[in-house]
């Protein structure tokens, strides 16, 4: 028991190394930009003030969103999804998989669950001993089930999920903006210092060039680091914006969720505006602030298939009521002799926003 506890403590300590590394890089970039570039290198006071004001605004938003992602702990499923004591004892004693599934189905009958495994079984976590809510997955690094889990990010030493996904996307956005601003403003001085180094090498250095101080090494290195981080972080930011627009997690992008009716990669897609609102909320003025505004409770999510089925049934009953009241006979649905032809047996309606093809079969009630 003691060795395993010591190993877990070591793992937890080592998991903070990427976070410490990022903070050291950010701390050095602050020193290099504010002191070595703006204070010691840029001669124009107005340019210094403008650069410092914009830099500190972006820097503050970057740090705010970054640490909100770190400190926002993952949300775990509630006790409602745990097996009651009698069913739990029966489940643990039972060795037959099919009987275990029957136990889980009885318990899950009253739970808001629409997804299952690829084989159609109830999603159950043997480690946490609970029925997994939709979009919930077990994280081996955090050693717990996480609601709407996206992935485990070592750079924040935290699981990205329902509680902090908005903060994570904002962190990617502001870190991209931070690197872009540094790259754009440092570029002209990078070129001057680079030219100075080349001229000095050939012993033809003009007297009106920038001073040959240690600041040039910080400026040169700052440009390389900021540009490389910008390329990597920006690509990840664009990818997660695409996921937000599709209402998918990283796990769902690689493995489509399985509903009771089958696999559907767009099962949680509700339309672009609703997808964005589910992560960032309805108030657009709060979208860019690292303040929690996500919709829902993390347990239940509007599903396209379930919503479509309900809407389609409503439209179908309204249509039948109208035909009965008006005494109409729709030629596409019922023939004049009361017998259904092949075209009259099925009316296929295409739903908008990438909706599925819903087949409504009309039965002869006479």
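The backbone N, Cα and C atoms fix where each Cβ goes, and this holds for glycine too.
TrEMBL does not curate its annotations; it predicts them automatically.
Annotated domain 'Palmitoyltransferase DHHC' per TrEMBL: 122-255, in sequence order.
Per TrEMBL, transmembrane segment is recorded for 20-42 (among others).
What TrEMBL lists as transmembrane segment is 49-67 (among others). Beyond its flanks by at least six residues, the transmembrane segment (49-67) meets 22, 26, 30, 33-34, 37-38, 42, 156, 167, 170-171, 173-175, 177-178, 181-182, 185, 288, 290 of its own chain at Cβ-Cβ distances under 8 Å.
Counting residues 6+ beyond its ends, the transmembrane segment (167-191) has Cβ neighbours under 8 Å at 29, 33, 37, 41-42, 51, 54-55, 58-59, 61-62, 65-66, 68-69, 72, 150, 153, 156, 160, 210, 219-220, 222-223, 226-227, 229-230, 233-234, 236-237, 240-241, 244, 279, 288, 290, 292 in the same chain. Taken from TrEMBL, the feature transmembrane segment applies to 167-191 (among others).
Annotation comment: TrEMBL describes 219-242 (among others) as transmembrane segment.
The DSSP breakdown of the domain 'Palmitoyltransferase DHHC' (122-255), given as helix, strand and coil counts, is 74 helix, 16 strand, 44 coil.
Long-range Cβ contacts of the transmembrane segment (20-42) within its own chain (Cβ-Cβ under 8 Å, at least 6 residues beyond either end) map to 48, 51-52, 55, 59, 62-63, 66, 155, 182, 185-186, 189, 210, 213-215, 218-219, 221-222, 225-226. Across the residues of the domain 'Palmitoyltransferase DHHC' (122-255), the predicted structure has a mean pLDDT of 86.
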